[in-house]
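Over in TrEMBL, the protein carries these features:
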- 111-305: domain 'Aminoacyl-transfer RNA synthetases class-II family profile' (DOMAIN)
- GLU253: Mg(2+) binding site (BINDING)
Amino acid sequence: MAERIQAIENQAIVQLTEVKNLLELENFRVHYMGKKGLITELLQHLKDLTPEERPVFGKNLNIAKRRIEDMIAEKKTLFENLETEKKIKTDAIDVTLPGRGYARGKLHPITQVMEEVKEIFLRLGFIVESGPDIETDYYNFEALNIPKHHASRDMWSTLYVGEETLLRTHTSPVQIRVMEKKKPPLAVIAPGRVFRRDADPTHSTVFHQIEGFAVDKNITFANLKGVITAFLHAVFGKEKKVRFRPSYFPFTEPSAEVDVEWGDGWLEILGCGMIDPNVFKAVDYDPEVWSGYAFGMGIERIAMLKFGIKDIRLFFENDMRFLKQF
Ligand code: FA5
């Protein structure tokens, strides 16, 4: 019997070297220790032995049983450790990896220029006002000395919303809205979106203007020229060539336009002039008492000059390769 026990133990030792994982180890355990396992089976023989033989047999069997159990436990720990190691390698978070990082948003180049221009006028003492994108015929045209059927309406290819409503073609209606509410002295800028049926490399259907105007006693064209020149120097520097050119607007008299050198030509950036007495009458200001200047500038045009952009439409295509450069 002792030999039989020894044989089973030896067999277990050899067989265990072939066990490759926890599942096989469990099968191994059942083969030896299970209810019908080899060790359990040997116990059945106890009853066939003499009372003298039994203790020795029992003792030997117990020793063998414990040895096999120890081997199984040892192997189990080994497999479990291997499994943990594998898990660490595959699942674990590698804290040494650099963070994933998130893309930081930026202001659109037009917003950047808008903010820069606003800042300049705030420093010059102007306040900011605003008006609606959808305007009435009265504010966009009539109060600005542009009666119905007047030829000068053709200066703006207007997008109409209804009979008397339209998408504002310029920010000048804000002049009227502010002067209706407030009394002079006034120095106001009004940034906003404007809309026209225009589309080519220097004209967009939707674009941005900043309106500016000042009303007080004894305001002259020299004040207008001084403010515009200060603005041009702040945005473009003193070296950039600019020119004031006589022009026409129904709501200013005299009127001028300002161009900035652009390649071997010029790019127009703003219109301006002395507020027409008819505009003052529309808002109940006495033109004998008050005088003022006004201007309206194209923000995209200023951005084109600042950044060297040849086609205005690039600003509205939302191509990240373009936008990321600002
Ligand atoms: C006006 O809109 C006048 N309201 C400006 C003004 C205000 C004059 C106050 C006198 C007193 P004009 O249509 O020229 O004027 O437009 C003004 C500026 O907007 C232009 O000089 C140009 O810089 C810009 N602009 C005009 N049309 C477009 C367009 N389609 N796309 C981009 N910029 C434009």
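We count from 1, first residue shown onward.
Cβ from N, Cα, C; glycine included.
Note: TrEMBL annotation is automatic and uncurated.
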Compute the average pLDDT of the predicted model within the domain 'Aminoacyl-transfer RNA synthetases class-II family profile' (111-305).
96
Relative to the Cβ of GLU253 (Mg(2+) binding site), which residues of the same chain, six or more apart in sequence, are found under 8 Å away?
GLY273, MET274, ASP276
By a three-class reduction of DSSP, the residue listed as 'Mg(2+) binding site' is assigned strand
